[in-house]
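> Below are the features I grabbed from TrEMBL:
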{"type": "REGION", "residues": "1-58", "note": "region 'Disordered'"}
{"type": "COMPBIAS", "residues": "44-58", "note": "compositional bias 'Polar residues'"}
{"type": "DOMAIN", "residues": "52-149", "note": "domain 'GDP/GTP exchange factor Sec2 N-terminal'"}
{"type": "COILED", "residues": "67-151", "note": "coiled coil"}
{"type": "REGION", "residues": "156-197", "note": "region 'Disordered'"}
{"type": "COMPBIAS", "residues": "156-172", "note": "compositional bias 'Polar residues'"}
{"type": "COMPBIAS", "residues": "184-197", "note": "compositional bias 'Polar residues'"}
Amino acid sequence: SQVSLEEESQNPPAVGHWKPLMPSKGDKEEPEGGCQDAGGVHEAQSTEQLNVSRLRSSSVEIREKGSEFLRDELHKAQKELKLKDKECERLSKVREQLEQELEELTASLFEEAHKMVREANTKQAAAEKQLREARGKIDMLQAEVTALKTLVITSTPSSPNRELHPQLQSPSKGGFRKGHGRNKSTSSAMVSAASQNVAPEPVSRECREVDSILFAEFQAWKESPTLDKSCSFLDRIYREDVGPCLDFTKQELSELVRVAVEQNTLTIEPVAFQTVPVGKVAAEECGGPKKCALSGLPRTCKHRIMLGDSGNYYYISPSCRARITAVCNFFTYIRYIQQGLVRQDVELMYWEVMRLRREMSLAKLGFYPSEM
């Protein structure tokens, strides 16, 4: 039995397998009787205890190895989970950053698009405004050039236009005459002179002489033409002609008219004579067809004026229109000189300025053509 126990200790049975205890063939026969039974029971108990202890040690060992394996797997899984968490956090930050950049880019694109649209609209409006102003200026310049050719180029002191100046026509033509009539004594004197074979002076020829002071002031202004009335040339004309010619009874309106004439923003248009229904007269129309807004006197008003783009109309009498027109003609001519549109000798320009001053003087004294 001892030999068999040693063999079994050297070759342990498999876990969970019970090996039956069988006597080997070479063993001696067990003694008969009670001794043999007691020894067999004791041997079986010890074998069973040994097997139980082996089983216990094997299960403990297996549990320990399993626990160690599970711990290792758990550590590996935790490490992988931490790596996954870090990767997810990094990807979340990248996604948030990309979303923020996309929002900023979209907002900047929309803002830039709106800015470009606003700039385009502003440029279009400015271009349309400049186009309208340019067309208006072109039309005005064409009309002024036509008038200049008629009034200036065709009517110079050296070759005056007799149709524009009826006072230069001979009496035989029966043209328009204003001023003093010839008395009988003068006529008889001319007849006696003719009888004595003395050639009389032409009636249409007028004598004139250049004033040295006025001519010097005009020459100084012509060197650097300007519309600033502080220069001696324009200062004198303002004091002697422009100021008195635009000095009407209604002082406040007279000042507005003077400013509009200086800025070239005054408009004169004829009045269409028609019956205006009572109560429908525009509130901005001052004066009326039968009352002058500048003089305040009851006159038949054939024209009305508008100052700038205000839309307010003022009825004016023929006398007031003649005074305003004379001043406008003067300013138009000196503007042409300033812009270099007049190609004439200085003396011819001077005499044209004097002619325009004479028109202002006559207009402020109340003389005006009947067609006004």
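Keep in mind that glycine also has a Cβ here, set from the backbone N, Cα and C atoms.
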> For the domain 'GDP/GTP exchange factor Sec2 N-terminal' (52-149), what's the mean pLDDT in this predicted model?
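Summarising the domain 'GDP/GTP exchange factor Sec2 N-terminal' (52-149) by its mean pLDDT gives 88.
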> Per DSSP, what is the residue count of the compositional bias 'Polar residues' (44-58) in each of helix, strand and coil?
15 helix, 0 strand, 0 coil
